[in-house]
């Protein structure tokens with residue numbers, strides 16, 4: 001269902017109410033998520049937990065995110081995207097409260113179980129796929145999701161620091177929970193219960209038969225749609241080398257360039273600003289001028305050159321040119337593939353296919369530290385750049401077909 005209610009935003013013009021509210025919810029959720037994730041190392045230190053155990057916590061988080069991604073996608077398809085959003089915020093509140101009450105490693109590890117359904121980005125993308133049309137509108141909406149992520153990434157630490165000064169170390173967990181309560185209120189008020197696409201009785205019965213329970217057949221069915229596996233392969237060929245390199249990037253900067261904490265914060269701010277700008281403005285500007293297939297090729301070509309620069313850079317200031325180009329390539333490849341994935345599957349299975357997309361990212365993030373550490377020690381940091389060049393050339397080779405992805409018509 002699509003609403004005719006519009007809000008007018010400064011310098012943006014009219015925007016459908018549900019789309020605008022999705023962006024607001026995404027910003028608020030990213031703030032709450034960043035607040036609790038950034039607080040975890042301080043809680044670990046306060047509880048005198050060893051660094052190795054902290055690594056286990058991070059791995060546990062990745063494992064539960066990996067398992068939960070496809071399950072959450074099917075949950076959205078079965079129960080509705082609106083209910084899926086409520087599950088995200090309830091899970092986040094549970095995680096915050098369990099972390100707040102934790103007094104040892106075991107309790108902290110137990111709090112990671114709730115992370116299985118903390119898939120805010122996936123939930124908001126699923127909602128956008130419901131209320132936007134395939135093609136330019138959806139690609140632009142997905143691109144602006146990067147802007148909301150960057151805003152949350154930058155505002156989260158500021159809010160967390162202010163709250164910690166006023167209320168102590170654990171206060172951000174309480175505030176993060178309250179933000180999630182606010183988000184639940186906004187979902188109930190501004191997201192209609194019948195937000196899903198209207199279907200005929202036959203379609204509704206088909207959806208019920210397909211997705212009324214969690215089963216592996218649903219995952220297999222989604223992967224069998226023409227083009228799904230190819231798009232997942234293209235996306236992961238581009239992002240996997242990046243996840244590998246970023247997992248040891250700070251270590252490399254410290255060892256090779258003696259980067260100070262202040263310089264490290266500057267690098268982090270550059271990454272966040274690059275992601276915000278390229279997702280929020282670069283993708284939208286290019287999509288108005290190029291087709292999705294052309295954007296995919298442009299993203300792959302951009303990444304080939306950027307990964308080569310990442311392998312060859314030898315001055316810290318080179319990063320100020322590398323990161324914006326890297327953010328552009330990743331934004332194009334990630335945003336367009338996610339948009340196309342939701343366009344080539346039926347509306348009732350868009351959540352499941354997005355769950356697959358996010359689960360592959362979670363898998364890479366989970367295994368990346370161990371593999372990247374070995375690569376850094378044995379063959380050096382430049383190996384990540386050369387690996388990225390090879391992977392992106394392979395991805396580019398799969399884009400030789402000039403035909404556009406066929407969008408399924410949605411009534």
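Glycine is treated like the rest: Cβ placed from N, Cα and C.
What TrEMBL records for this protein:
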DOMAIN    18-406  domain 'Major facilitator superfamily (MFS) profile'
TRANSMEM  20-42  transmembrane segment
TRANSMEM  54-73  transmembrane segment
TRANSMEM  85-110  transmembrane segment
TRANSMEM  145-164  transmembrane segment
TRANSMEM  170-191  transmembrane segment
TRANSMEM  266-286  transmembrane segment
TRANSMEM  307-333  transmembrane segment
TRANSMEM  379-399  transmembrane segment
Selection from 54-73, 145-164, 170-191, 266-286, 307-333, the stretch that has most Cβ pairs under 8 A to the transmembrane segment (20-42): 145-164
Interface check, the transmembrane segment (85-110) with the transmembrane segment (170-191), three or more C-beta pairs under 8 A: yes
In contact by Cβ distance (the transmembrane segment (54-73), the transmembrane segment (145-164); 3 or more pairs under 8 Å): no
Other parts of the chain folded back onto the transmembrane segment (307-333), taken as Cβ under 8 Å at six or more residues beyond its ends: 143, 146, 234-235, 238-239, 241-242, 245, 253, 257, 259, 263, 267, 270-271, 274-275, 277-279, 282-283, 286, 295-296, 298-300, 382-389, 392, 395
